[in-house]
Structures are given as structure tokens and as C-alpha cells.
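Quick notes on the structure that follows.
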Amino acid sequence: MAAPGPALCLFDVDGTLTAPRQKITKEMDDFLQKLRQKIKIGVVGGSDFEKVQEQLGNDVVEKYDYVFPENGLVAYKDGKLLCRQNIQSHLGEALIQDLINYCLSYIAKIKLPKKRGTFIEFRNGMLNVSPIGRSCSQEERIEFYELDKKENIRQKFVADLRKEFAGKGLTFSIGGQISFDVFPDGWDKRYCLRHVENDGYKTIYFFGDKTMPGGNDHEIFTDPRTMGYSVTAPEDTRRICELLFS
């Protein structure tokens, strides 16, 4: 049963509202719009705004009270852009280039069944690094994800980067199926909470699938300002919401 008083539901996107990198189903979309009649809803994802639109619809800022791409470094409230932060002014060009060069050099040494293109994607608030390359097909994505579960390719890459860039104020966070994010310390999904913590909510619920240590939902999931729920799929998210808000 939900706690009394004004509340907000914040949802991760991949694995929580949609299958990884897939569009939201009509059933889930309809369910969330019904839920919105009872409670404010928002989304927070690591992906950029265009990818959030691809998955949740071009009208995403009209369908959710809050939309936080890139962990909230880009923020929309009530359909309007609130703010946009950028990584280069915070970290400086020298560190960004060192990081990009090191990642490309590391990727060049990994042998995988397949490699495609877009190994590093530069976003407003982070770098997204993918050993297989973001332009892989859905089948290639699943193949890499299964291999990564056995061989911990991303985990080893991140461990190496943490050692190489220790003391540089960087966080490395694994999310989704094929990549991990690199951003300044404190720019994880908790960043979005600064946009909502003064809006009068008694409870902020968070739903995410990568809630384990090292996962990109972990920090916001364990933050004392949220009530965190770990989910395994969109169906699981819906089930928990129905229990809480029926």
C-alpha cells in the first residue's frame, strides 16, 4: 500500500518500462497514463533525449510530468525544458581526450565475435562506451549481452578504467546490455532528485532494474530520499504499481 500524501513515481526506462532499447508497448503506455491520473510520474534514463523519445514516443514530455534524460543533466518539467548541463565544461578537454583515447585503445585490444560502429557516444552529461559499438543489430546486441554475462567484458573494462583514472573524479556505471556510462562523480541518477526535492512530495518512488552495486540504478535506488523498488521487466513494474496504487 502506498504511503499517504503527495507522491511521485520515477521510472528507469530500459528493462523497467520497456524491453532494452525497444519501444514501450501500448498496454504499458496506457497503464502509465491511467496511473498518472492518481500520481505524478517521471522517467530518468542514461540515454539522451532522442533515444528516450524513440522508446517512449515523440510526445514523451506531454505524457510524463518529469522527463530526465542523461540522469537529469537534461531536465523537462510539465513539458518545458528546465536545464541542460554539459560534461566538457566540468571535466575539461584534456581529461576527456585522455579518457576517449584510453577507451579506444582498450577496445582495439578486445577480441569479440562481432564489432560494429559508434564505440563512444558523447552526450551532454556523460560518455557512453560500448565495446561492441552502438550500431549493432538487435540480434548482435543480445549475443554480446549473453557473452558479457559469462565473461564480464564490461565489468573488466570498468575495473581497468577505475584503476587508470583513480582520483580524477569520475564514476563508471554499467547499464543496459552493451555499454557503460562515464560521468563526473555525483552525476548519476541521483542528479535528477535536485529537480524534484523542493516540489512538495512526501514520497518519491523509484523503479529500476540495474539496482545492484555497479548498476546505473543503484545510487538512486539506495538514496534516502527515495523508496526504491527493484524490477526485472516492465510486467514486474506494472505488477508492483498495481499493488501500491490500486
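Cβ atoms are placed via backbone N, Cα and C, with glycine included.
Listed in Swiss-Prot:
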MOD_RES   ALA2  N-acetylalanine
ACT_SITE  ASP12  active site, nucleophile
BINDING   ASP12, ASP14, ASP209  Mg(2+) 1 binding site
ACT_SITE  ASP14  active site, proton donor/acceptor
BINDING   ARG21, ARG123, ARG134, ARG141, SER179, ASP181  alpha-D-mannose 1-phosphate binding site
MOD_RES   LYS149  N6-acetyllysine
BINDING   PHE221, ASP223, THR226  Mg(2+) 2 binding site
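A map of Swiss-Prot features onto the structure.
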| residue | record | Cβ neighbours (10 Å) |
| --- | --- | --- |
| ASP12 | active site, nucleophile | 27 |
| ASP14 | Mg(2+) 1 binding site | 23 |
| ARG21 | alpha-D-mannose 1-phosphate binding site | 18 |
| ARG123 | alpha-D-mannose 1-phosphate binding site | 21 |
| ARG134 | alpha-D-mannose 1-phosphate binding site | 19 |
| ARG141 | alpha-D-mannose 1-phosphate binding site | 20 |
| LYS149 | N6-acetyllysine | 10 |
| SER179 | alpha-D-mannose 1-phosphate binding site | 24 |
| ASP223 | Mg(2+) 2 binding site | 16 |
| THR226 | Mg(2+) 2 binding site | 22 |
Separation of alpha carbons, ARG21 (alpha-D-mannose 1-phosphate binding site) and ASP209 (Mg(2+) 1 binding site) (Å): 14
Nearest of the recorded positions (ASP12, LYS149, PHE221, ASP223) to ARG123 (alpha-D-mannose 1-phosphate binding site) - Cα to Cα: ASP12
ASP12, ASP14, ASP209 excluded, remaining Cβ within 8 Å of their centroid (Mg(2+) 1): VAL13, GLY15, THR16, LEU17, PRO20, GLY45, GLY175, GLY176, GLY208, LYS210, ASP217, VAL231
From ASP12, ASP14, LYS149, PHE221, ASP223, THR226: recorded positions whose CA lies within 10 A of ARG21 (alpha-D-mannose 1-phosphate binding site): ASP14
Spatial neighbours, same chain, of PHE221 (Mg(2+) 2 binding site) - Cβ under 8 Å, 6+ residues apart: PHE206, GLY208, THR211, GLY228, SER230
ASP209 (Mg(2+) 1 binding site), number of other Cβ atoms within 10 Å: 25
Nearest recorded site to THR226 (Mg(2+) 2 binding site) by CA-CA distance, among recorded positions ASP12, ARG141, ASP181: ASP12
CB contacts for ASP181 (alpha-D-mannose 1-phosphate binding site) [other CB atoms within 10 A, all chains]: 25
Neighbours of PHE221, ASP223, THR226 excl. site residues, C-beta within 8 Å of centre, Mg(2+) 2: ARG190, PHE206, GLU219, ILE220, THR222, PRO224, ARG225, MET227, GLY228
Separation of alpha carbons, the residue listed as 'active site, nucleophile' and ASP223 (Mg(2+) 2 binding site) (Å): 15
Per DSSP, three-state class assigned to the residue listed as 'N6-acetyllysine': helix
Mapped DSSP class for PHE221 (Mg(2+) 2 binding site), helix or strand or coil: helix
Nearest of the recorded positions (ASP12, ASP14, LYS149) to ARG134 (alpha-D-mannose 1-phosphate binding site) - Cα to Cα: ASP14
